[in-house]
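What follows is one structure encoded as structure tokens, with my remarks underneath.
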Amino acid sequence: MKQRTLSIIKPDALKKKVVGKIIDRFESNGLEVVAMKRLHLSVKDAENFYAIHRERPFFKDLIEFMVSGPVVVMVLEGEDAVAKNRDLMGATDPKLAQKGTIRADFAESIDANAVHGSDSLENAHNEIAFFFATRDL
């Protein structure tokens, strides 16, 4: 089934200048970039986007990291886009990520792990709406 999902290329990947390589992974695996923008998240936006993690011990570090530099936010579209994106990203901890996944190849740590991807179709809809107006899609 054709789906849309949200992907964020995080500050660590932008600092390493691997944005193009990451986008190529998506495109060469059947995911089309249908919307994209580069921005610098405010603390408030980062806190709102990651509100589900507010009570978790890593929340403060996550927010500090996500506002430490610019990010690239994209809507990816393709067959089973949510699952395909998650497979391409690899495990949250790059040390556990399968060889050839984005996190295994470009991430440094569980915190600086290069990319974010929606974990369900419902969350994909909500996350896309957080960053993109319907007219932009």
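From the backbone N, Cα and C atoms, a Cβ is placed for every residue, glycine too.
Record features, source Swiss-Prot:
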ACT_SITE  His116  active site, pros-phosphohistidine intermediate
BINDING   Lys10, Phe58, Arg86, Thr92, Arg103, Asn113  ATP binding site
Based on DSSP, name the secondary structure state of Lys10 (ATP binding site): helix, strand or coil.
-> coil
Residues with Cβ closer than 8 Å to the Cβ of Phe58 (ATP binding site), same chain and 6+ apart in sequence?
-> Asp111
Cβ atoms other than its own within 10 Å of the Cβ of His116 (active site, pros-phosphohistidine intermediate), all chains, total 21
For Arg86 (ATP binding site), the same-chain residues 6+ apart in sequence with C-beta under 8 angstroms from its C-beta are Gly117, Asp119
Give me the Cα-Cα distance between His116 (active site, pros-phosphohistidine intermediate) and Lys10 (ATP binding site), rounded to a whole Å.
-> 7
Across the record's ATP-binding residues Lys10, Phe58, Arg86, Thr92, Arg103, Asn113, the largest CA-CA distance in angstrom?
-> 21
Which ones in the same chain are close to Asn113 (ATP binding site), with CB under 8 Å and 6+ residues apart in sequence?
-> Lys10, Asp12, Thr92, Asp93, Pro94, Arg103, Ala107
